[in-house]
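Everything below concerns the one structure shown next.
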Amino acid sequence: MSYRELVVELAREHAEALSDALLDLGALSVSVEDADADTPDEQPLFGEPGLVPERTAWQHSRVVALLSPDLEPAVLLAAAANEIGIADTPKFDVREVEEQDWVRLTQSQFEPIPIGERIWVVPSWHDAPDPDALILELDPGLAFGTGSHPTTRLCMEWLEQTVKPGQSVLDYGCGSGILAILARKCGADPVIGIDIDPQAVESARQNSERNHADVTYGLPDACPDGEFDIVVANILSNPLKLMASMLASKVKPGGRIALSGVLARQADEVAAVYARYVDISVWREHEGWVCLAGTRRESH
């Protein structure tokens, strides 16, 4: 089967949020274009070099998302629209894309990514820019998480600053396994990665083997009993709220928890749900997304 492009035209105020939601829900890549390009209504977004742009998207924007063959465009778009508060699913088109085009596009667009103080995420077709750094070798794939998205970056920066050797870590919603692998490379042991998607679990296992990281992965029913020193969950705000009691119960008293996949405007609502269990606040914000971090109280 061929890869597909989902093409949606919508107003500027929804374009960026929809792009982020599509990525969170499994799109391989997303771009925002001027829907009026090459017409009399075309609007330059950026002005003179060195000047800060007045806008970050066009008034009439086109969102183009690349989808793997197993994703149903209509279902994905409806879920993304619901996530950002659009009641009616926008009109859309679907275009077929040859698989070999995607492979070439991947290798031309993905470069090594520096994160935090000493982390590099490096595709397999690149050499590590700094062999002495903390290197994670990951290729873009069907499972979310290559370090390029703000939520992944935020969680990685938090883990780099938080994990101490020998601590136990639970990565709930592990996707590609990038956070679990990083935790293990920072000295955490044991590290458990959980995801609802069997394909993500298999991808995470393969990525851990490639990175020589001893991490145990499984579906939610395989999540071990007991508590962890650190719990990290980079998913979406609604699932985070629904799973608050369960996730908080996985943190040892005095242990740490980090939550992302949360837009800045959703932070207070998510924090309010978790405040029943943990002392939590916004740790850091990046490009409109936040990482919430907190400590479980000794009793609740």
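Glycine is no exception: its Cβ is also placed from the backbone N, Cα and C atoms.
When the candidates ASP130, ASP195, ASP197 are compared with the S-adenosyl-L-methionine site entry in Swiss-Prot, which names THR152, GLY173, ASN234, the shared residue is ASP195.
According to DSSP, GLY173 (S-adenosyl-L-methionine binding site) is assigned to coil rather than to any helix or strand. Taking Cβ-Cβ distances under 8 Å and a sequence separation of 6 or more, the neighbours of GLY173 (S-adenosyl-L-methionine binding site) in its chain are ILE194, ASP195, ILE196, ALA233, ASN234, ILE235, PRO239, GLY261. The DSSP secondary structure for ASN234 (S-adenosyl-L-methionine binding site) is strand.
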